[in-house]
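Here is the structure we will look at, set down as C-alpha cells.
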Amino acid sequence: GFVVGHAGLYQALAMFAVAYFIIGMTVLSVCAIATNGALDAGGAYYMISRALGPEFGGSIGIMFFLANVCGSALYVLGLVEAVVDSFGIPPGQEAGTGVHVLPQSYWFELLYGTVLLALCLLVCLVGASIYAKATFLIFLIVAVVLGTILVSFFATRPLKVPIRLPKGNGTETDNGFFTGFSLNTLRDNLGGQYEEDYTTGQMMSFSSVFAVMFNGCTGIMAGSNMSGDLKRPSYSIPRGTISAVLFTYLVYNLLAFLMCATCNRILLQKDYGFLRDISIFPPLVTVGIYAATLSAAMSNLIGASRILYALARDDLFGRALALAKKTSASGNPVMAVILSWLVVQVVLFSGKLNTIASVVTIFFLLVYATVNLACLALEWASAPNFRPTFRYFTWHTCLLGIAGCCVMMFLISPVSASASLGFLLLLLLALHYLSPSSTWGYISQALIFHQVRKYLLMLDVRKDHVKFWRPQMLLMVQNPRGSARLIDFVNDLKKSGLYVLGHVELQDLDMLPSDPLQPQQDSWLSLVDKLNVKAFVSLTLAPSVRHGVRQLLFTSGLGGMRPNTLVLGFYDDEAPQDGLSRHPAFTSTREEVPLGFPPLRAATTPKLLSAREYVGIVADALKMLRNVLLARQLESLDKAWELRRAASPPPTIHVWPVNLLRPDSARYADTCSLFLLQMACVLNMARAWRRARLRLFLCVEAGTMPHAQEEKLRQLLKDLRIQAQIQLVPWDAITCLHWQTCQGPSGGPAEEEEDEEGVVNFPTNTTQVSDEYVCAANKLVLEQSPAPAVRFLYLPRPPADTSLYPLYLHQLELLTRGLGPTVLVHGVSAVTSTQL
C-alpha cells in the first residue's frame, strides 16, 4: 500500500520489474554455482569463497553474517512495532482498555524484542528440522492470510475508513475510502503522487520509496543459506529459489493492481495497516503479519549462524571464531547460533527500524553483487571443470546483476554504500595479509591464465621494433647459494622484460625412475618469492651444461616473450661464497635459507664444465643471435651500501665501450658498443640505481684530435638521450705494447677480417695480444678513480679456432682481475633508436 499510494500503479510495476530484474540475475548466478559441484554449509559464503578465494570469501562472509544479523534484528523490531500497534497502550493514556494492555517505551519495546528473539533462538537451537517444520507451518499461515486478503478485495463492500493522524501534540482525523472495484479509483491511482510519509514526516520520492520496497525482496538467499542442511542442495536451491522469486513477483503485482482498483489514495498513503480494515476476518491479517515477520527473523538468525559456523570451520580468522566450531551431537552448530543471537541482541539496542534498514539492504546487495562476480569470474575463466547443470545464464546476466546491485546500493544510500565498500576493502586487505593460504583454488589464477594466453597470441614477433626493445634475460644459475646477488643484479637489468632463471641438472632420464626436477621446482619458486625478483624458473636435464644451455635458449619463453640475452657468471678459480645466507631477504627476517639446494662446491672439487665448454656456450649464444653478459665478482657488490651511502659524490657506473683486446679496431658506434651503452643506461634507470652516475671512458691516442672524438661521442649520447659524463683517457703507452706484438712477419700489421655486421672478428688476434698488454689494459681500467659500484666492459667474440678458447678465457680473466663487480657485454642486435 505504501508503494502504490506514493508511486502509483505504473511506477510501482516499474519498481517491481527493476527490483526483480536485479534479483533474477543474481538468482541465475546462485543456481549456476549451486549446481557446479557439492555444496556445504554457508550458502553464499561457501559459493563465493570457493570461487573467488579466501580473501573475498572471508570478507563477504563477515558482511553477509552482519547482513543476516541486522536483518534478524530488523524483523524482530518490525514484529515489536506490529505487536505494540495492536496491543500497546495508546500514547497519553496511563492504563489500557480492552486488548491495549502493553506499556510503550524504549525499554519495554526492547524487552518485547528480547522475548521474541529468545523464541527464535529456541527454535534454531533445536535444529534445522524443527526450523523447517516451523517455517512450513508459517508458510501455510501466510498463504491462508494471503488467500483471505485476495477474497476480501472482492467480498468486502465499499466502506469509509476513519484515519487518526498525529498533528503537533494532538491528532487529526481523515477519511479513506475502500470503493470496491472502480474504474475511477484505478484511473486516479495510475500516476505517482509523492507526499510526506506520516510515520517519519519525510517527503517521499521515487528512490526513497524504491529503497523501502526493495527491503521486501532481499530474502532470496534464505534457501541457499541452508545448503549444509539440505539433502540435495544442488537440486533444491535452484528449484526452490526460482519458484519463490516467481511466486512473490506475481503476488506483489497482483496486490498492487487490486489495491489501485479498490482503495483511494488517502487510504493508501495515510494508513499502512488498511488491509486489517478491509479484511473479511481482520485478526487473521494481524496473525499473518506476525507469522511472516517471525519467519523472516528466524530465517536470518539461522542463516547468520550457518555462515558463522562455515567461517569458523575454514579457519580464516584463526582463534577469533574457534568457539563457533562446536556442534551438538546431531551436528547443529549450537555455539554459532548462540553467538549470532548475542550479536542480534546487541543490534536490538538501536531500537529503530530506520537506523538499520538501509544498511541491511546495502549489505545484502553487496553480497548479491559478489555472487554475480563469482559466477562471472568462473564463466570468463573458461575452466573445463566449470560445467553447472543449470545452464540458463551467461556472462551478460552476471554483468547486469553486478551493475544493478551497485546502482541500487548508491540509490538507497550513497553514504552507507561508500562506507560498506570501504569496510569490505579493509577486510579484503586484512585477510590477504593475515589469513593462511587455502587449498580451494584461486579463480584469479584461472583468469590470469586466460588473459595471458590471449595477449601472448596477440604479441606478434613480426611487429617488433627497435624503439620498443627491452632486455629479456636468461640467467644460468648452477647453485643459488653462490649467486644471490647476481640474481638480484640481473633483476635490476631486465627493465620490465622477461627474466628466466635457468638451471641444468646433469643426469640422464633413461637411468632414472622419475623426473628429478619436479621436487626442485618448489625450492626455486620459493627462492624467487623470498628474493622478491620478478622471474620465471626453467629447469632442464642434459648430459652436459652446454647442451642444457642450448635447450634453454631454444625453448625458454613463449611466443613473443623469449630470452634475447644470456647472462653467465664468470669462469675463474675463485671458491664460491654462500651469499644466500647473508642476503637481506634472509638476515632481516631470521628465516632459514630454503631447503633443496645442495651445499656449495669446495675449492678443491672439480667443476661441472671445462673452460672450453664455457667459451663454447658463449659462442653458441652468439650464433643464435643472443646477446651475452658475463658477470664477474657480482657477489661482492653490496648494492644496499653502495647506493644508500650518504657520502657525496654519488656512486658511479664505469662504461668502457671500446674493445680493449683490439685497440687497432677501436670504435664507439658499432652494434656491440651501443648495446653496452644501452645496458648501462638500463641499469641506471632502475629505481635502486637512480642515484648512480654514468661515466663513459673515451680512449684517445696522440695526434687523433681527441676533442673532435669527444664532441662526436657527446652528440651520439645526446641523440640516444643518455646522460653520462665523458672522460678522456690517453692510452698511447698501452697501445704501443700491442703494436710491438702485432707486427706481421714482414714488419706490417696482420690481416683483419670483418664479419657481416661490420664487427671485427679475430681468428688469429687472440694469439697476437700479449699478457703484458692485457695486464696494462687492466691497470688502466683500475686506475680510474673513484672506484665505481660496477664496471661495464666490451666482451670480444670468441675466436673461430676452438683450440684458442682457453687462451681467450685467460685473457678475459687477466683483463677483469681485481676490478671488483664487472660485467662483460657483447651485443648482436640493434637496441638503440634516435627516432620518436
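Cβ atoms here come from the backbone N, Cα and C positions, even for glycine.
Taken from TrEMBL, the feature domain 'Amino acid permease/ SLC12A' applies to 1-474.
Residues of the same chain lying 6 or more positions beyond the ends of the transmembrane segment (12-35) and with a Cβ under 8 Å from any Cβ of it are 3-4, 44, 47, 51, 209-210, 213-214, 217, 220-221, 224, 227, 233-234, 237-238, 241-242, 245, 249, 252-253, 256, 260, 368, 371-372, 374-376, 378, 388-390, 392-393, 397-398, 400-401, 404-405, 408. Taken from TrEMBL, the feature transmembrane segment covers 12-35 (among others).
Taken from TrEMBL, the feature transmembrane segment applies to 56-77 (among others).
Taken from TrEMBL, the feature transmembrane segment covers 110-131 (among others).
Under the heading transmembrane segment, TrEMBL lists 136-155 (among others).
If you look up TrEMBL, you'll see 244-267 (among others) marked as transmembrane segment. Panel annotation: around the transmembrane segment (244-267), residues 1, 3-5, 8-9, 12-13, 16, 20, 23-24, 27, 146, 149-150, 153, 161, 163, 174-182, 185-186, 188-190, 193, 216-217, 220, 223, 274, 278 of the same chain, lying at least six beyond its termini, place a Cβ under 8 Å from a Cβ of the stretch.
The annotation transmembrane segment is assigned in TrEMBL to 287-312 (among others).
Under the heading transmembrane segment, TrEMBL lists 333-350 (among others).
Here TrEMBL flags 356-380 (among others) as transmembrane segment. Through the fold, the transmembrane segment (356-380) approaches residues 22-23, 25-26, 28-30, 32-33, 36, 44, 47-48, 51-52, 56, 60, 63-64, 66-67, 70-71, 73-74, 211-212, 214-215, 218, 220-221, 347, 350, 386, 393-395, 398-399, 401-402, 405-406, 408-409, 412-413, 416-417, 420-421, 424, 443, 446-447, 450 of its own chain, all at least 6 residues removed from its boundaries and within a Cβ separation under 8 Å.
Positions annotated as transmembrane segment by TrEMBL: 392-412 (among others).
Long-range contacts of the transmembrane segment (418-435) within the same chain, counting only residues at least 6 positions beyond its ends with a Cβ under 8 Å from a Cβ of the stretch, are 54-56, 58-60, 62-63, 316-317, 359, 362-363, 366, 409. Marked as transmembrane segment by TrEMBL: 418-435 (among others).
Across the domain 'SLC12A transporter C-terminal' (485-573), DSSP classifies residues as 38 helix, 22 strand, 29 coil. The domain 'SLC12A transporter C-terminal' annotation in TrEMBL covers 485-573.
Proximity of distant same-chain residues to the transmembrane segment (110-131), defined by a Cβ-Cβ separation under 8 Å and at least 6 residues beyond the stretch ends, is recorded for 72-73, 76-77, 79-80, 83-84, 102, 226, 229, 294, 297-298, 301-302, 305, 328, 330, 332, 334, 337-338, 341, 344-345, 348-349, 351.
For the transmembrane segment (136-155), the partner stretch with the highest count of Cβ pairs under 8 angstroms, out of 56-77, 287-312, 333-350, 392-412, is 287-312.
On the 0 to 100 pLDDT scale, the domain 'SLC12A transporter C-terminal' (485-573) averages 89 in this prediction. Below 8 angstroms of C-beta separation, residues 42, 44-46, 48-50, 113, 116-117, 120, 215, 218, 221, 225, 293-294, 296-298, 300-301, 303-304, 307-308, 310-311, 314, 316-317, 340, 343-344, 347-348, 350-353, 356-357, 359-360, 363-364, 366-367, 370, 374, 420, 423-424, 427-428, 431, 435 of the same chain, each at least six residues beyond the ends of the transmembrane segment (56-77), sit close to that stretch.
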